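J.: Before anything else, here's the structure in question.
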Amino acid sequence: MKHIINSYEHTNDTARNNSDCPDVVLPEEIFFTISVIGILENLIVLLAVIKNKNLQSPMYFFICSLAISDMLGSLYKILENILIMFRNMGYLKPRGSFESTADDIIDCMFILSLLGSIFSLSVIAADRYITIFHALQYHSIVTMRRTIITLTIIWMFCTGSGITMVIFSHHIPTVLTFTSLFPLMLVFILCLYIHMFLLARSHARKISTLPRTNMKGAMTLTILLGVFIFCWAPFVLHVLLMTFCPNNPYCVCYMSLFQVNGMLIMCNAVIDPFIYAFRSPELRDAFKRMLFCNRY
């Protein structure tokens, strides 16, 4: 986020003498390359679901929602790089009205990426829970109509929240709201996991008769969640430290890894499609048919 970058640069100037940790600077080409790969991979996921009717189910629609979130995160960085390039070439007036508006739009995309990922993973967790413990009623509970309504509400909420957070991005309550959604999502999914574990112990025989794909879907969610936490948690921690201890030498030392934390976010968009392909034979076959022009 541009607001965070600007605040970080200001913090760096005021706290430079309090820390011996130099800033870790990564070439912009690395960010650009990872972002382009992330967009292309997730675009293939979306096209695979759109073109294959056997993949047009609630579970894959939720995966598409996560793929869109990943694409927004990658697109954010590409647009930011283009904006910086135009500004350095003199085509944009520094801190002019156009650049400020473009910054706000790009920041909104970044927030949409995080919020979209959080809620997409949450509905995938709920979907897996229903699949395992209400297998017989699954198709009557999780219908396509309810899936579309749920995703529409999620993205409307994320869009409204993203716009609000950009407008009030310099207020501490906004930062707290932004960062609190991350642990709240983890708590929600953790509660589902604990409940699933307790029910699994009491219904072990019943669960053993479920199709293997049901349990495989739960494992896929676990992997996706683990990658999401690994890639996003360092950035969320950076925002908290920048807000509450900007001049502490230990906090400043951690914040010197800002660009590394940003690269991890970009990597999340690249890793997720590989998880889909590795864990889902149907999606993997769809990828092969698309890449080899239906000759596979």
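Heads up, the Cβ atoms here are built off N, Cα and C, so glycines get one too.
The disulfide bond feature in Swiss-Prot is assigned to C21-C253, C245-C251; the stated evidence is similarity to another entry. According to Swiss-Prot, the N-linked glycosylation site annotation covers N12, N17, on the basis of sequence analysis. Taken from Swiss-Prot, the feature S-palmitoyl cysteine applies to C293. As annotated by Swiss-Prot, topological domain 'Extracellular' applies to 1-23, 80-104, 169-180, 245-256, with the evidence given as similarity to another entry. The transmembrane segment annotation in Swiss-Prot covers 24-49, 59-79, 105-126, 148-168, 181-199, 218-244, 257-278.
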J.: About how far apart, in whole Å, are the alpha carbons (Cα) of C245 (disulfide bond) and C253 (disulfide bond)?
T.: 11
J.: Give me the DSSP three-state residue breakdown of the topological domain 'Extracellular' (80-104), ordered helix, strand, coil.
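T.: Counts, helix then strand then coil: 17 helix, 0 strand, 8 coil.
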J.: Give me the count of other Cβ atoms within 10 A of the Cβ belonging to C245 (disulfide bond).
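T.: Around C245 (disulfide bond), other Cβ atoms within 10 Å: 16.
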J.: Can you name the residues of this chain that are 6 or more positions from C21 (disulfide bond) yet have a C-beta less than 8 Å from its C-beta?
T.: V252, C253, S256
J.: Could you say which of the disulfide-bonded residues C251, C253 has its Cβ with the most other Cβ atoms inside 10 Å?
T.: C251
J.: For the topological domain 'Extracellular' (80-104), report the average pLDDT of the model, please.
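T.: Residues in the topological domain 'Extracellular' (80-104) carry a mean pLDDT of 76 in this prediction.
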J.: Could you name the stretch, out of 59-79, 105-126, 148-168, 181-199, with the greatest number of CB pairs under 8 A to the transmembrane segment (218-244)?
T.: 105-126
